[in-house]
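Heads up: the structure comes next, in structure tokens.
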Amino acid sequence: MGYKFLKLASASFRNGGVRIVSRQYSTTHDADLVVIGAGPGGYVAAIKAAQLGMKVVSVEKEPSLGGTCLNVGCIPSKALLHNTHLYHMAKHDFKHRGIETGEVKFNFKAMMDYKVNAVKALTGGIAMLFQKNKVKLVRGAGTIVAPNKVEVKGEKGVETVNTKNILIATGSEVTPFPGVTFDEKQIITSTGALSLESVPKKMLVIGAGVIGLELGSVYQRLGADVTAIEFLGSIGGIGIDMEVSKDYRILAKQGMKFKLETKVLGVKKEGSTVKVEDVSIEGAKGGNKETMDCDVVLISIGRRPYTKDLGLDKVGIALDDRGRVPVNNKFQTTVPGIYAIGDVIHGPMLAHKAEDEGIVCVEGIKGMPVHFNYDAIPSVIYTSPEVGWVRKTEEDLKKEGKAYKVRKFPFLANSRAKTNGEPDGFVKVLSDKATDVILGTHIIGPGGGELINEAVLAQEYGAAAEDVARVCHAHPTCAEALREANLAAYCGKPINF
């Protein structure tokens with residue numbers, strides 16, 4: 001292969017001269033790093049590794065790059081959420097704002113085409129970034145056959161890649177429902193929900209977590225009769241603050257129905273109808289069973305790590321009791337030179353978490369400091385209103401016996417939200433009673449998914465509520481509600497409420 005140096009010149013503003021960065025390629029291996037999986041974690045890690053001077057091979061078995069998030073997850077669902085929100089506003093909200101449109105209709109096929117085109121543009125963008133950063137893409141399913149060797153089975157046969165390091169970034173898959181076969185037409189996963197040919201008249205959603213609420217909202221806005229069935233007594237999934245979850249039932253005012261503390265016993269098709277048998281948990285001790293009919297049932301009970309055919313057992317990597325790949329704080333597995341990030345390891349299954357882990361992991365491989373703060377990972381539910389949170393809930397702090405302060409500021413008292421006609425929701429800040437350090441932030445309201453990022457920045461740098469309260473915020477903005485909540489947490493009272 002030879003010994004190569006690629007010299008890149010970049011301006012150095014610190015010394016006024018030119019800094020030379022050399023890219024040193026491996027002389028004994030086909031690659032310095034093979035990344036298995038080109039989802040959010042994998043493709044970001046591959047690009048960052050290449051930027052740090054490594055020779056990188058990305059292995060991907062799917063026809064398009066970007067993983068679940070980009071192809072059948074985060075991105076297409078946000079396209080549908082945004083466009084159905086606009087449709088809902090045009091149909092129900094524009095008139096009282098002085099906007100007259102006549103009869104408002106939607107074209108479902110055109111809506112789906114828009115989603116497809118958005119996905120294509122972004123997947124194509126990843127391919128261009130690979131070319132720009134000289135990341136080699138190998139198509140096929142990757143299997144680790146030795147600590148320094150990956151075998152890729154593709155349409156053109158088998159290719160073997162010798163490498164110094166291997167990074168597992170294979171993501172996750174839908175958790176199956178016992179005894180149920182998905183046809184992605186009537187009994188569907190989130191993948192099927194993103195590619196239905198028409199809007200069902202009646203839809204049941206099993207699981208009122210992030211995915212269930214988002215996709216349920218899409219079809220409810222388009223006219224479907226949507227009922228979400230949840231085993232727990234709250235909606236929003238794991239990690240949501242219970243006060244936010246309670247307020248979140250504002251979705252019921254929009255037309256979505258909920259059956260909480262309900263266990264689904266079975267799902268079966270009878271002709272063109274799907275029957276779902278459920279029973280309330282309380283009633284299970286002596287109550288009556290109930291069967292509900294629907295046109296489509298969406299099962300969204302979570303995801304599980306995807307490690308199929310990776311060959312982990314062959315190299316001595318044992319999964320934990322939840323099917324995850326165990327790693328240390330540098331994302332190293334029990335086998336030297338093999339690393340793992342994203343949904344296949346511990347922590348929330350979030351695209352942005354995987355991306356950051358990918359960057360930090362490859363920096364560690366290059367000998368750079370490794371730091372990842374799992375207390376500063378935001379979660380967002382992209383419904384209307386949006387929900388965003390970071391770090392501790394009030395329930396967490398009570399369990400820990402932590403002395404804390406809790407203060408809220410309603411969007412009803414925020415000038416921008418009220419002027420925009422979006423007064424529902426609030427910002428809730430939890431802070432240490434003794435030190436004023438922020439312990440958690442929870443938002444339900446307009447732009448909650450954007451506003452939470454300021455709270456994440458504050459969390460990452462260990463800010464106190466006073467720190468945020470003393471930062472000048474533009475007026476009028478919804479972000480002022482975050483400042484006011486921190487002001488209340490710091491000194492006991494906000495200004496505008």
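For all residues, glycine too, the Cβ spot is worked out from N, Cα and C.
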GLY207, ALA208, GLY209, VAL210, ILE211, GLY212, LEU213, GLU214, GLU230, GLY302 show up in Swiss-Prot as binding NAD(+); which entry in VAL264, VAL267, VAL335 does that record put in the same site? VAL264
In Swiss-Prot's disulfide listing, CYS69 is paired with one of CYS74, CYS294. Which one? CYS74
Rank the recorded positions CYS69, CYS74, LEU213, ALA351 by the number of other Cβ atoms within 10 Å of each Cβ and report the first-ranked residue. LEU213
Name, in the order they occur in the sequence, the residues of the same chain whose CB lies under 8 A from the CB of GLU60 (FAD binding site) and which sit 6 or more residues away. GLY37, ALA38, GLY42, LEU137, VAL138, ARG139
When you tally the Cβ atoms that lie within 10 Å of each candidate's Cβ, which of the recorded positions (ILE211, HIS475) has the highest tally? ILE211
Taking only the Cα atoms, work out how far GLY66 (FAD binding site) lies from CYS74 (disulfide bond), in Å, as a whole number. 10
Residues GLY207, ALA208, GLY209, VAL210, ILE211, GLY212, LEU213, GLU214, GLU230, VAL264, GLY302 binding NAD(+) per the record - widest CA separation, whole Å: 20
Rounded to an integer, what is the Cα-Cα distance in Å between PRO63 (FAD binding site) and CYS74 (disulfide bond)? 18
